[in-house]
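**Q** A single structure is presented below for examination.
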Amino acid sequence: MASRLAQISSHLTGGLSTTLGPSSSTIRTKIGVKAPDDVVIVDAVRTPMTRGKKGGFKDTVPEDLLAAVLIAIKDRTKIDPAIVDDICVGTVLQAAGGATVSRMAALYAGYPEKTSLYTTNRQCSSGLQAVVNIAAHIQSGLIDIGIGAGVESMTLGYGPSAMPPQTSTQISEASPTARDCQLPMGVTSENVAKDFGIDRPRQDAFSALSFQKAALAQKQGKFDSEIVPVKTIVKDEQGNEKEVVVSKDDGIREGVTEESLAKLKPAFGGLTTAGSASQVSDGAAAVLLMKRKTAHRLGLPILGKYVASAVVGVPPRIMGVGPAYAIPAVCKKAGVEIKDIDVIELNEAFASQAVYVIEELGLDPKKVNPVGGAIAMGHPLGCTGARQIATILPELKRQNKKLGLTTMCIGTGMGMACIIERE
């Protein structure tokens, strides 16, 4: 596998690209050192994640989900919304890039007109990209206080309509790599499984464990502190409306085993099944950031410190290998080794790619997704990157550990990762 990874590396052009962050030669944030200009996380919150087209948010529009977490940030910290300079929202599928509904959500949530907002789309890492953008703007002095958020209603946006109605024949015919950007994600999962020998039993074992860990964590109330309950309307098959409060992830299932998953039929003619792929989901998350000295001046608690981030390009046909590049890249930038990381939130787009990343990098399985991952909980595309931060901070606290790493593969061939240090 290592030789195959090296072979892929030789085909990558441009090397590493770290979005809006310092280069490895100009690390601004040192682990274990508290400095006034550190970018810190004051709060991180999420909605429950619910099943697309079937779950608690199937009749909820994305602006309502985003408004819920923006209100929660304001209410939980008691911060004056007028001092929030900018909000960046990661979103992938929403109409017009989500700009209109996201601005609507912020204004409804009580943030004034002068608080600016924009959206960003880096596919599955959009929520993390939003957080990184805000962190970088704080580091550079462009803003003092900002919110990095993510939202997705896959109920409304997911499916064939999300694909471009027409793409350039000239580009597709001239560049097979460019053409691969259009591959269905399930096909890229099969490519990873085939190229690197990730067999069905290992995929089913990983997936079953994700469900089991998530079910236990939910039963123990481990998600409660990061979730804001959302009051919404659900319609039955006859169109009758009922007001409900959604307070738990509804894709998590108890009793899932390797044996039960082994009975599922492959969805793409290979090894990937509905049980070994991330769930189509709806949800939102938000992270409040500012400099340490600002948090101290405002008397706000500090949950963690933003340390570094990295994003790396990989071949689109095996996009799931992205974290295998992004994790070493971000560790190099932070000046740590992979073994120094205490908890890893690895987005489970597919079991095939998650197993590959763990095995290729020699990650300690006990450190990876200790409360389950996207296979069990769901993967609302624009939300996930911010959601992982809301999940990893409480877990670091429970374990009394310091360093957390969040990472994900990205459609069209990339990987992204971020390191956070708990206070």
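From the backbone N, Cα and C atoms, a Cβ is placed for every residue, glycine too.
Feature list, courtesy of TrEMBL:
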- C124: active site, acyl-thioester intermediate (ACT_SITE)
- H379: active site, proton acceptor (ACT_SITE)
- C409: active site, proton acceptor (ACT_SITE)
- 39-292: domain 'Thiolase N-terminal' (DOMAIN)
- 301-422: domain 'Thiolase C-terminal' (DOMAIN)
**Q** Which one, from the active-site residues H379, C409, has the smallest tally of other C-beta atoms lying within 10 Å of its C-beta?
**A** H379
**Q** With an 8 Å cut-off on Cβ-Cβ distance and a minimum sequence separation of at least 6, pull the same-chain contacts of C124 (active site, acyl-thioester intermediate), or say none.
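**A** Listed in sequence order, they are V92, N347, A349, H379, L381, T384, G385, M408, C409, I410, G411.
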**Q** For C409 (active site, proton acceptor), which of the three DSSP-derived states applies: helix, strand, or coil?
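**A** Looking at the DSSP assignment, C409 (active site, proton acceptor) belongs to a strand.
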**Q** Indicate whether the residue listed as 'active site, acyl-thioester intermediate' is helix, strand or coil by DSSP.
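**A** In three-state terms, the residue listed as 'active site, acyl-thioester intermediate' counts as helix.
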